[in-house]
Amino acid sequence: MCGIWALFGSDDCLSVQCLSAMKIAHRGPDAFRFENVNGYTNCCFGFHRLAVVDQLFGMQPIRVKKYPYLWLCYNGEIYNHKKLQHHFEFEYQTKVDGEIILHLYDKGGIEQTICMLDGVFAFILLDTANKKVFLGRDTYGVRPLFKAMTEDGFLAVCSEAKGLVNLKHSMTPFLKVEPFLPGHYEVLDLKPNGKVASVEMVKHHHCRDEPLHALYDNVEKLFPGFEIETVKTNLRILFDNAIKKRLMTDRRIGCLLSGGLDSSLVAATLLKHLKEAQIQYPLQTFAIGMEDSPDLLAARKVANHIGSEHHEVLFNSEEGIQVLDEVIFSLETYDITTVRASVGMYLISKYIRKNTDSVVIFSGEGSDELTQGYIYFHKAPSPEKAEEESERLLKELYLFDVLRADRTTAAHGLELRVPFLDHRFSSYYLSLPPDMRVPKNGIEKHLLRETFEDSNLIPKEILWRPKEAFSDGITSVKNSWFQILQEYIEHQVDDAVMANAAQKFPFNTPKTKEGYYYRQIFERHYPGRADWLPHYWMPRWIHATDPSARTLTHYKAAAKA
């Protein structure tokens, strides 16, 4: 996990412009480099490093003797880099996983390169010999990337939007900044004056398709057919592999553990692989909540069952409310459910950074979207409609859960790893017949639970524990984080102001005082940037006015039972 930043064709003084690069210093607390491009006085790279692989030669932009004309700035992890290096007999100059991008590009061009990368990434690749710039981002947008480009060819790229919003450009007083689309790469021509022109934007991978790099990985051959036992075996093989490949790091590994199904499966499988790899330190697991929260109790059960070194972080309503401003600044969004769920994750990341030496943190993000885990999937009109919704959620992860997971951890210099979004695991899951993936017997994620039924990885009551939204599970049913926020915000936004919401915020007009309060904070930090969020996250197929699972009938019925 690092922070990348680059400018091409800047009209303003680079030493002033580079101050913007410091806005993302939290992403790489270990080192910083600012480097001009030979022959282009108005082009430069900025890089903040979190040293996770190759402590000695891991600084960027990466340049190797064999390709003096290539410059690479990337944020991510390429899990199959050694496999590809051996297969193609590439001669490496460093131990950095990203070096594979240079060799693959030289061998087969950008399209072949990006399709071969098994991992998460956002990159800027400059080829001064062929006068090209390439931008690329992984399938689900696990690693963030933003860009700003003007009509006269000034291009600015950064891991977070906050590193671009204050840049100066003579032709454009207000620089339009937008997220770079996941699963795409862009080809741009580099002109002699350092400006660029976009040539094409290409979708390189759809989440349903088996990735090209599957031809070169270590996964044992999967069994054909959709018999339930066959599917369960294949899912266990792929999930195991998704965890195992993500052990690639020189830093200590930890795991977030909410006590829900997803994080519990990740923690238990991770611990098993750490033991097999004979890692000497105990796995640290981390749970957060207020006193008597369901998540804390469930996480404790799992930690006892798997034998991790468990940390519980308690917070109160005042602490949660106090960090709302910095959370929204970190997130760069005002989406209601994202902000709510981010407070706990932001506070636990702060604790991890301050009190432990765990830096690479595993988590269960992506499972709800992939395995139809949200409670409203019970209301899907058909398996086919549920499948469509699952794919829509995966496509928009970069706006919601993946955004939350990245920014809350990166704000404290941690690197998050999300095995449920592994290319092989997710594409196989999405290839299964739609009726296999829907909730069954009133239980969401039935197939995933059934897959691990006989494994004894986690306690049975956790394996079959109903879905809790992270923002709801961290507090008790009696007084949820949802209720605490409503009570506080009621006194912060008066009715007259709320009545004028549509005039003040015509785009994505907030419908509740909570939404209005978050929007005000967002506009203070990022005025005029509301279009970063195309729409609020809301459940489908029900008449919901709020994204909280606690407001859904299914949840209320379960709570009474």
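Glycine residues also receive a Cβ, built from the backbone N, Cα and C atoms like all the rest.
The active site, for GATase activity annotation in TrEMBL covers C2. The L-glutamine binding site annotation in TrEMBL covers D97. The ATP binding site annotation in TrEMBL covers L256, I288, S363, G364. Per TrEMBL, domain 'Glutamine amidotransferase type-2' is recorded for 2-191. If you look up TrEMBL, you'll see E365 marked as site 'Important for beta-aspartyl-AMP intermediate formation'.
Looking at the domain 'Glutamine amidotransferase type-2' (2-191) alone, the prediction's average pLDDT is 92. Closest to the residue listed as 'active site, for GATase activity' by Cα-Cα distance, out of the recorded positions D97, L256, G364, E365, is D97.
Cα-Cα distance from S363 (ATP binding site) to D97 (L-glutamine binding site): 22 Å (rounded to the nearest whole number). Rounded to a whole number, the distance between the Cα atoms of D97 (L-glutamine binding site) and I288 (ATP binding site) is 33 Å.
Taken over all pairs of the listed ATP-binding residues (L256, I288, S363, G364), the Cα spread reaches a maximum of 15 Å, rounded to the nearest whole number. Residues within less than 8 Å, Cβ to Cβ, of L256 (ATP binding site) and separated from it by at least 6 positions along the same chain comprise S263, T285, F286, A287, M345, I348, I361, F362, S363, G364.
The distance from the Cα of D97 (L-glutamine binding site) to the Cα of E365 (site 'Important for beta-aspartyl-AMP intermediate formation') comes to 23 Å.
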